[in-house]
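What TrEMBL records for 882-974 is domain 'DYW'. Residues annotated as repeat 'PPR' in TrEMBL: 158-193, 229-263, 363-397, 465-499, 566-600, 667-701.
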């Protein structure tokens, strides 16, 4: 007769533990082990003798039960069992009790000693209860191989032992093995699976995401009449949820005649994990109010709290916190960790830190959760200080999840040193060998722009998965190195790695950078063939491809074909239209998004406010601002900066300042936005004052700050101050000037008539000047009649942009200002030959949400006669207070009276008349113009502001002009 197989020797298992030797205590000799065993026996004997001397000795099972309450006492329990010689039934019960405790506390060594007792006894070799507990003990200790050896050594097996094996494999996530032994049970035995078999088998089907097999097991349970069992149904709910079949899970739940707390927890988890967060919250409320009067447990709370965290639903999260306190569950470690996570993700780090600090029983999950919260909020010093505290305390050791949770705080170039420190920490502790850690560092270095470091980490990996290749290919694609990205993609294919949706998404990004529409279309066709064309991640990449290739219409068609148009997709399309210079279409799309019931987020508002800045659409900008206030979006740094910028570019610098002053968290971007705003409005002194105040508040200026400062000095005529700050930028702040800084200084010198200095700087600057610099210099030459310098500048300009109409117009105006009409005709003839046409002067004004546009010389507006009459009356009034038309503003060879008529039909004068006609008395007129305002219109606007007692704000292509009481904010310096 076969006996229960002996437990494997230590050498049999050594290969399973060699990777963890550094975590184990030093190996001991047999003599030492023997001495320790004798010492343990002596201690137990002494304890028993003491107990005997004081009172009657406790029964054996009662003593064993007491000793089995902690892992540390299990060796003493074993010693007691060896010392005593109880009757058969009592001995059997004692062995079973000890095996259960070994499994519960995962004490496999003591469990093996008990196994030896069983194997040496002829009484227990085939005992169903003992052998089943042996199988279960080994599986609970993470050694299903030992469970299988026990199982295979049995002469006869019953269903309970088969179930124990299926359960053991499933518990240890060996799902395929669980399914194999289940199939063996069905095919080779006469046993029928029961309500204990099915849940483990269903779990295994979910573990390998095999929907077909799971549905087959579901059908088998129907035939066997097991669907009346609540545990089977709970397993089916979890299976369908894991496979994303929410409707099927709901059908099972609704079918159940009896639902326990696990049933409710399971279906809530299904909704939460599949993105139906509101439905999950609704079910939780329904569970509390149901007839069964179920009381939430730990599992309920740790299921629903992450939903609040994901939705940033602080109010509901705090309600659940209160419920946990009321139920006495707030001291449960899993609940505390879930609460820390919820508060962190809702942005209430102080609450999370309070709970964390108050917890005296932290585990590694507690530390990782708090570290993740600090890291996500960008608190670099707080994150690394907490990591050091974790190491000093020493109770819990960092693991790979610790590293992954800290990484988000290291993803800016400014935090590169922290990233390297974290990488070193990871290497010292051996975390860099895992796929997740290595891939995360590849992606992190790529995001910081250190692609050579990313590639070094990649090259050091022994096994490169598709995720590893994706991290490197995506890094190169996102950092503007499409050629390198394509090279590694091809290497991946040659290595036999099958690309996934992330690989193909990166490849589409490569096509976007290269503007390779043909290759991108080929990939699109491939995606359609493999059924990935509706994947959100892929669709966003395709939208980006078509938009960057200038095919906005194709992007729109692709978008309209999507059944589920998520906010992410709307944002991608709106952003694409904005980047392609289609602001009007952006506003149409935004209105359509709102009418479809999609609520904008920070990204949507940021895009729309930016478009309002471009169009100076003040009314719509104000509406977007109101929405942002109601939706609590104004605290977002990007939204706040966009609103400051929008008001500034819409002519409302005072409102822009109010928004800035009310901002609680002013970062460098906020300061930059308001400084640039004052620069556009020509208020140099205020811009410089803000610059000084910014530094007093501890903010370090960057390159954008100095663009704003130099622009402010340029528009205000503060030349010496501008040169001082330009030198400060290099010598004091250590910032290397870029092309845009040189452009501001050159323009500033040119506007002040210091053309030789301006030209000298052009020749001395380290970078080649672009067309914008030459263009501004040519414009300055025209202003000051510097014909000789202007002609040299024009030559340089035409070398860079020979086919741009604006350049010919500048040269023509230079000649016209110097009375060189033959040269003017020659330049205009050249334009005709090339096929270039001058941009007509255009002005527009927004009145009651409608935009009215005017072109110089065009009287097609329906109310033109009324406007002519208004202008005649205005001209009469302003002539009385000093207006004299300036014929030099008409750079055409015309008679004086013809020039007067041309001046009357300038577009900004038409816009002013329309504004006076359609707006209330005293209302500010806000006008936009595509070209620089001429001297005549500038003089007229100053006097009109006196005649009509109104402020007139005109934004030309360079700056803002505020006309009040006969004066302009530019001080006639523009």
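Each Cβ is built from the backbone N, Cα and C atoms, and glycine gets one as well.
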*asked:* Over the span of the repeat 'PPR' (363-397), how high is the average pLDDT in this prediction?
replied: 90
*the repeat 'PPR' (363-397): which same-chain residues, six or more beyond its ends, come within Cβ distance under 8 Å?*
333, 336-337, 340-341, 343-345, 347, 349, 352-353, 356, 405-410, 415, 418, 421, 425
*Long-range Cβ neighbours of the repeat 'PPR' (465-499) (under 8 Å; 6 or more residues past either end)*: 435, 438-440, 442-443, 445-447, 449, 451, 454-455, 458, 505-507, 509-510, 513-514
*Secondary structure content of the repeat 'PPR' (667-701), with strand meaning DSSP E or B*: 26 helix, 0 strand, 9 coil
*What counts of helix, strand and coil residues does DSSP assign across the repeat 'PPR' (465-499)?*
26 helix, 0 strand, 9 coil
